[in-house]
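What TrEMBL annotates here:
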DOMAIN    21-164  domain 'Orc1-like AAA ATPase'
DOMAIN    213-280  domain 'ORC5 lid'
DOMAIN    309-438  domain 'Origin recognition complex subunit 5 C-terminal'
């Protein structure tokens with residue numbers, strides 16, 4: 001890898017230290033360094049680095065800038081909510097606070113270019129200055145001229161400056177209709193399973209051998225790799241569940257080399273953690289406390305199963321589930337007192353022989369939702385604005401999905417977007433036996 005990072009103008013010892021900090025990114029680091037060139041040379045005006053989340057883009061650049069001591073400024077497009085903050089941060093980093101104070105209250109692109117050009121003529125760059133733009137996809141929502149200006153900033157300010165854009169989407173989604181200067185593209189692919197194994201194994205606990213921790217990472221990836229390839233999330237999950245993995249070893253029940261027994265201990269905990277990947281529903285400390293006080297079998301339900309909703313919102317959600325999974329003509333069977341004796345086989349059509357839960361939720365109109373709601377709620381409820389606002393809240397929480405067009409205000413249609421486990425848990429909180437009202441369970 002050291003050979004890939006050899007370039008005249010850089011100290012060999014520094015390049016070696018940089019190489020050690022970039023495992024599994026040898027090719028990308030070497031390409032980036034060759035594109036940047038020697039420190040005193042003019043770099044290409046703009047580079048576009050793209051790849052999925054946690055693929056090493058920011059890490060490689062940060063290591064380069066800090067360890068090679070390159071003049072740079074890192075700008076987060078999330079934090080810079082206005083172009084004024086962007087211009088101020090760039091000028092302050094390169095030329096000091098006095099230069100930033102020269103900006104007017106509402107600076108334009110021409111103001112920024114003019115002041116930068118004045119300051120660079122007074123203190124020209126001895127080596128390339130880099131402007132690193134993180135989350136660059138947000139630039140598309142700003143001034144229409146901002147992105148084209150940044151791409152050719154070197155030409156406009158007559159200075160040795162290069163703009164590096166970091167993004168999770170491809171350049172084709174950036175290119176303006178009017179055209180612009182094309183940056184050089186560099187792709188960071190996702191880490192493979194072997195690369196993730198290598199990187200995560202470096203975080204091993206010092207009290208245990210490398211082989212022991214590597215076997216733990218192998219088990220972790222065996223469970224999570226099909227659904228999650230985010231290095232940061234996998235690193236968090238590895239740190240969160242390792243205490244359960246070495247618990248039987250610390251107690252003397254299992255040897256470090258007995259991977260079969262260790263898998264039996266860790267499997268239920270990993271499968272439970274799989275239900276809450278990315279959610280961060282509880283902190284790491286709370287997760288450990290829950291694991292310590294847990295008795296009996298581990299439940300595989302997410303903490304969303306215990307979501308707190310207003311009283312009538314729970315019944316609205318129950319009514320929506322019944323309207324989504326029961327055929328419309330069975331409402332008489334479930335919600336009228338004198339419906340007569342109707343057997344399931346008497347009104348079973350050919351296309352209804354398949355379980356409705358296998359076919360998925362079906363849309364229903366608002367009037368049917370309210371009719372079922374007034375039938376299942378255990379008290380008289382007036383159709384007030386509060387009930388309708390709670391329906392909108394359920395849509396906002398993505399528990400209900402609006403499937404009709406926005407212009408259909410008189411007959412909106414919805415779908416229920418929760419699982420049977422979820423609605424069963426909600427029903428238990430209001431003492432409602434939902435299974436008795438489901439057509440599939442007759």
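Just so it is clear, glycine is given a Cβ too, placed from its N, Cα and C backbone atoms.
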Within the domain 'ORC5 lid' (213-280), residues counted as helix, strand or coil by DSSP: 48 helix, 0 strand, 20 coil
Averaged pLDDT score, the domain 'Orc1-like AAA ATPase' (21-164): 92
DSSP helix/strand/coil residue counts for the domain 'Orc1-like AAA ATPase' (21-164): 71 helix, 20 strand, 53 coil
